[in-house]
Amino acid sequence: MTATPAWTIQKPTALLVLADGTVIEGKGIGATGTVQAEVCFNTALTGYQEILTDPSYLGQIVTFTFPHIGNIGANDEDIEDLTPAARHGAVGVIFKADITEPSNYRAAKHLDAWLKARGIIGLCGIDTRALTAWIRENGMPNAVIAHDPAGVFDVEALKAEAKAWSGLEGLDLAKVATSGQSYRWNEKPWVWNEGYSTLGETDAAYHVVALDYGVKRNILRLFAGLNCRVTVVPAQTSAEEVLALKPDGIFLSNGPGDPAATGEYAVPVIQDLLKTDIPVFGICLGHQMLALALGARTEKMHQGHHGANHPVKDHTTGKVEIVSMNHGFAVDANSLPQGVEQTHISLFDGTNCGLRVDGRPVFSVQHHPEASPGPQDSHYLFRRFLNLIREKKGEPALAER
């Protein structure tokens, strides 16, 4: 990979320093400072605010493969973390082109100002295609991203920092990303020209308890849109506390970090919840937590799956869906025990993307059916979960699609 082009005379104001000693120079954007993180790439063309505020990206620097990011500005609605002030999302960002002036009727501010407010350190003006190709070849590297408007850097110290960081393996970041308190969620999905509406107390027909490992807002909105009263509880909530809320269904949320580390406290809770006949649905980290609770294993991926254009096959329907993905760990399909069926696979690399327990109202997926951003091919999974709740109540099933 090359640093700044040879014809550039501007002094670099940001550096990306990889653990192998590679130094990439560029122009600084967003917040100033230095942070250690894992570098990944995302292939989505749109939805950069939702990507950067997704708690699953905590501990990561996101490289956008699409060259023009920020030209529709930033707004106060396209946010996915529950507590924006806590900044539970990506810690760094890399763009090909500099951020232009925004042009969109929803824009409330320039993306650079928004990045500063979020504390996201950024770099632009580099060959993101070369960086992406490097990641595909070598895997997601540990790195340091640094931004100093004066362009003053201790490169050797940054190299040492990048090399010394242990990476995401073994890190329980769910305890950081979780909201830390129980609360009721009633905001419904966004509607054109109307914005967000709320679910009335009398309209709530079902009660879902969501274990928050770093949950995205749009997941909760889709539950509310199906007339579910959602109670969000912290990641370390006990099974007894969950069951005391008398849920009709239990949801295991997405989140960041190493599932094996989070599983040290989450797996025993889920195993106790599985002793009941309450329907259980998991997404992303929640899928991995469920797999661990059932006796399977998880593993670190080479380059991860990050984007809004990933093909997945649903073996339960035979259909191929284009979905959003964001994960750097995966369930080892060969470790799934007897009685647990693999329901979805990635058509990029064949990795596991879903499971269900035979004869039980329990299933999960690795991808993000709520999208935000991305296609809505998998929205039916929320109705599938609701139908498990309805079946338990003796109510007829709704059409999934």
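Backbone N, Cα and C define each Cβ position, glycine as well.
Copied over from Swiss-Prot, here are the features:
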ACT_SITE  CYS284  active site, nucleophile
ACT_SITE  HIS368  active site
ACT_SITE  GLU370  active site
BINDING   SER56, GLY255, GLY257, LEU285, GLN288, ASN326, GLY328, PHE329  L-glutamine binding site
DOMAIN    207-395  domain 'Glutamine amidotransferase type-1'
REGION    1-203  region 'CPSase'
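Every protein chain considered, the tally of other Cβ atoms within 10 Å of the Cβ of HIS368 (active site) stands at 25. Other residues of the same chain near the L-glutamine site, with their Cβ within 8 Å of the Cβ centroid of SER56, GLY255, GLY257, LEU285, GLN288, ASN326, GLY328, PHE329, are GLY214, ASN254, PRO256, PRO259, CYS284, HIS327. SER56 (L-glutamine binding site) has its Cα within 10 Å of the Cα of these active-site residues: CYS284, taken from CYS284, HIS368, GLU370. Spanning the residues SER56, GLY255, GLY257, LEU285, GLN288, ASN326, GLY328, PHE329 that the record associates with binding L-glutamine, the maximal Cα-Cα distance equals 13 Å. Cα distances from GLY257 (L-glutamine binding site) to the active-site residues CYS284, HIS368, GLU370 are smallest for CYS284. The Cα of HIS368 (active site) lies closest to that of ASN326, out of the binding-site residues LEU285, ASN326, PHE329.
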